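J.: Following this message is one structure expressed as structure tokens.
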Amino acid sequence: MPEIDDEIFQLAISDLSLNDDILQSEKITHSVKLIEPNNPFQAVQEACELMNQGILALVTSTGCAAASALQSLTDAMHIPHLFIQRNGDGTPRTACQLNPSPDGESYTLAARPPVRINDVLLTLVSELHWQKFIIFYESDYDIRGLQTFMDQVSRLGLDVSLQRVDRNVSRVFNDLFNTMRTEELNRYRDTLRRAVLLMSPRGAQVFIHQAVETNLASKDSHWVYANEEVSDADIMELIHSSLGRMTIIRQIFPLWRDTNVRCMRNNHRISSLLCDPQEGYLQSLEVSNLYLYDSVLMLANAFYRKLEDRKWHSMASLNCMRKSTKPWNGGWSMLDTIQKGRISGLTGLMDFRAEGSNSHVQFEILGTSYSETFGKDVKRLATWDSTRGLNGSLKENRIESSMQGVTLRIVTLLEEPFVMVAENILGQAKRYKGFSIDVLDALSKILGFKYDIYQVGDGKYGSALPNGSWNGMIGELIGKQADLAISAITITPERESVVDFSKRYMDYSVGILMRKSEEKINIFSLLAPFDLAVWACIAAAVPVVGIMIFLLRRIQAVRCHNSAGGHTSPSVSTSLQSAIWIVYGAFVQQGGCSDSILGSVALRIVMGSWWLFTLIVCSSYTANLAAYLTVSRMDNAIRSFQDLSRQSDLVYGTVRESAVFEYFKAKGTNPLEQDNTYAELWKTINKNNGLENSVSSPSEGIKKAKRASYAFLWDMAVVEYAALTDDDCTLTVAGNSMSTRGYSMALQHGSPYRDLFSQKILELQEKGDLDILKQKWWPKKGRCDLQSHADAQPEGRALHLHSFAGVFCILAAGLLLALLVAALETWWNSNHCHREQPKEDKEVNLEQVHQRLNSLLDDDLAHKQLPGQSIEISALDIGSMQPSQSLEALSARDYPSHRGLPRLSVTTFLQEGHGAGRTMSSGPGRNLPLPLSSATMPSIRCKHRAPNGGLFRQSPVKTPMAMSYQPVPGGPIPKASEPSHGTSI
């Protein structure tokens, strides 16, 4: 095994150790032996040493001679042997002639596919209609590899010559000129017009250069270079060295083109050195190195299945030198497990189901093309694989600028607005319309071609089937049933490997089609900023704090009562409902609390804490309410794939077995994707293998998005058109507008029309014709104006009535509750007072009391003296007296006499315009006993309270009037002459 193979082998083992899901907790123990390229004895000796140590399988990368010797050894010892054939010095490979096994059970498996270069050459000369050509081969090339090819071309009646080229190429051409005459050289030059080169890249370059220098190559010559291993740099050297047309055949691995799965094979992560072309390491490897990596992966897969089936055998420890050594008893089981396995590695699919060899191989056929801009260039003409054969055209057709007289057969698929059925006339061919049809008509007008169009039978764009074939429009092109495919067809790496694409005429991105969100009517939406538990806690906090204030006021009242000698200050007493009312007023920021109420430090601490609590709650409510109203006014909360993946209310999907379906599959199953957005999307899209959420056609997805809570993921252009032309304008579109791919026209592989179509599409883009066509099918203002709908989102919008309906409901409920309570109070007071008031009591208004007092005072004016202090007596003070108290006692207790001129002011309520104010005064040391006792005031507590605190009954609007009284000497004021008359104030 060469040193480069050792590096690849160690890299493969390292990658396996990082993937625990393949071997679980098991580790591979390996040993590497380096041998000479073709030394059978050394190869057998090293293999015997490995078998003596213990071995499960043998992987070798050698030439045919060493492989033949190792085959005999492994067949005898029943050791599975994976063999990778190496070809020395870049010379084209020929098949190894291995020895047949004695008992027919060969333990050697060829990891590298059999040589198929002869089959490709036979297809090429048949397609090019060559009747006479010559084959040049190097001295290192095994000519026995051409035996089958020569037999086949001879049966076809072709004239084929063989010529060996020595290492000294210049000497070969010198011998030609020295030994041939001019006529023979001319005939030889004519033979060189069609030639096949089986050489190393370096040898072919020297040969072509010498042929051009000696004037043996002409401009009309066509040479074919065939080699499995040739780099891009070598190809460019060969192209620029040649004089005429050059065709190159080489082996390819199409999975390298797909960036999404390049580093992943069956959940196995491959080192970035081997999967990332930017590293540069991949281009330096040979084909045999890649097959060596995949061989290690194949063995690891077999070991995993053996562990899973619990059919593991101990390693074989064999002695090759003893004749009595028995073969490994677990060798056949291990070989059978390897043969039944299949992996996808760096070289594509690998299995050993075809007679013990890997049959999966693919070639590409490159050819020179001529461009006015770039001159000589190389492009892919066709591909060839072991399943389908040739795919493409090798005919040399040069179309300069016109396609006059050409009729193309075009396959299409209905997809609004790209391709739609137009109004057809009975008896005439079906007509089509749409954006793609307009582009096709514009190209037809410029180039002058005509076309016949038909719909694809299975209604699919085209995807690869398990057997390697393609369906849909791509299958029609591969089968050469159509020249061109046009619709909403996108460029993908898989499709580009089997067909050609023109330049894209429109950008492509994936969009989200869904129904516009209907604004939910919630009359109590203003309660939404807080949770129900928060509102419950706030509602409970109001009475709790009110009770706290009530208790503290009672404690303060008791303390004042004790300090005042048994008398309580009226300003200290506060009822429970008043305390709750104060707390509620502070919560809604309407005041309701004065300094007289907050008489103690404890009360001030309580109210200060409540005010801080109220400030925080109100500020939080205001902020949350603004945010809630802003979010609720957004038409859709889903704006991107990230939003779609984070929610669970809206189900989404796409069309099964479509390019979009494969796109999400590749992104969602790629472990290198740092964002788990696509993983979540793929989990929902592929639920129940796509049968639950995905649909079978785009039209079904659009209908489902319109009638149900469903988001349809499809081409942005298609879903935008569906939303623009919706009859009810109930659909909207979201998604990312970034484009990495585009819509294009698909042609057969190697089609001569590809470059011409691409050139004219670029001209249409530069002239702005494509933009005009886009405006035709995607107008900015159509039946449904999506643009204005999107622009209106950032701007403000007036709140509707239903947003404030809850506030009006609360106000209406408060008003109704107030009316109900007022009615209950009226009913309660009337019944209660009716029970307490004696029937013989008569009501006297304040005017009568005023007149009565005046008469009493006038009678005893000379005998009455009042204290010198001014006394204010209101109706409230009188009403607060107990029935057993008299105004005399009130005057004696609360208003003691003082020196100086006394002054008494009695405030009452009289009708406007009646009575006059009086001031009653007396000498010092005298009190004024008023004849208003319990006998004369039996119903004071039952009468209705006026709005300003007074009591009145059956009285019009009254105004407070002051009664003035002049002091006179005399005795006490006599009692009322009519005690049976009650007084109502």
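Cβ coordinates come from backbone N, Cα and C, glycine included.
Annotations per TrEMBL:
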type	residues	note
DISULFID	Cys48-Cys320	disulfide bond
BINDING	Thr490, Arg495, Asp715	L-glutamate binding site
TRANSMEM	532-552	transmembrane segment
TRANSMEM	610-631	transmembrane segment
SITE	Ile638	site 'Crucial to convey clamshell closure to channel opening'
SITE	Lys665	site 'Interaction with the cone snail toxin Con-ikot-ikot'
DISULFID	Cys729-Cys784	disulfide bond
TRANSMEM	804-828	transmembrane segment
J.: Under a criterion of Cβ-Cβ distance under 8 Å and sequence separation of at least 6, what residues of the same chain contact Lys665 (site 'Interaction with the cone snail toxin Con-ikot-ikot')?
T.: Trp682, Asn686
J.: Beyond the listed site residues Thr490, Arg495, Asp715, identify every same-chain residue whose Cβ lies within 8 Å of the center of their Cβ atoms for the L-glutamate site.
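T.: Apart from Thr490, Arg495, Asp715, the close residues are Tyr461, Ala488, Ile489, Ile491, Thr492, Tyr508, Ala659, Arg741, Tyr743.
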J.: Using all protein chains in view, find how many other C-beta atoms are within 10 Å of the C-beta of Thr490 (L-glutamate binding site).
T.: 21
J.: Measure the Cβ-based neighbour count of Asp715 (L-glutamate binding site), defined as the other Cβ atoms within 10 Å of its Cβ.
T.: 24
J.: I want to check the contact list for Cys320 (disulfide bond): same chain, sequence separation of six or more, C-beta distance under 8 angstroms. What comes out?
T.: Val44, Ala47, Cys48, Met51, Asn52, Leu73, Met77
J.: Please list residues from the chain of Cys784 (disulfide bond) whose Cβ is under 8 angstroms from its Cβ, counting only those at least six apart in sequence.
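T.: Same-chain residues close to Cys784 (disulfide bond) (Cβ under 8 Å, separated by 6 or more) are Ala723, Leu724, Thr725, Asp726, Cys729, Leu731.
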J.: Between Arg495 (L-glutamate binding site) and Ile638 (site 'Crucial to convey clamshell closure to channel opening'), find the distance joining the two CA atoms and give it rounded to the nearest Å.
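T.: Between the Cα atoms of Arg495 (L-glutamate binding site) and Ile638 (site 'Crucial to convey clamshell closure to channel opening'), the distance comes to 32 Å.
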J.: Counting across all protein chains present, how many other Cβ atoms fall within 10 Å of the Cβ of Ile638 (site 'Crucial to convey clamshell closure to channel opening')?
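T.: By my count, 21.
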J.: Round to a whole number and give the Cα-to-Cα distance in Å for the pair Thr490 (L-glutamate binding site) and Ile638 (site 'Crucial to convey clamshell closure to channel opening').
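T.: Spelling it out, the Cα of Thr490 (L-glutamate binding site) and the Cα of Ile638 (site 'Crucial to convey clamshell closure to channel opening') are 26 Å apart.
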J.: Between the Cα atoms of Ile638 (site 'Crucial to convey clamshell closure to channel opening') and Asp715 (L-glutamate binding site), find the distance and write it as a whole number of Å.
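T.: On Cα coordinates alone, these residues lie 17 Å apart.
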J.: What is the Cβ neighbour count of Cys729 (disulfide bond) at a 10 Å cut-off, with all protein chains included?
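T.: A count of 16.
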J.: Among all the protein chains here, how many other CB atoms are within 10 A of the CB of Arg495 (L-glutamate binding site)?
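T.: Excluding its own Cβ, the number within 10 Å is 25.
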J.: Taking 10 A as the limit, how many CB atoms besides its own sit near the CB of Cys48 (disulfide bond)?
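T.: By my count, 15.
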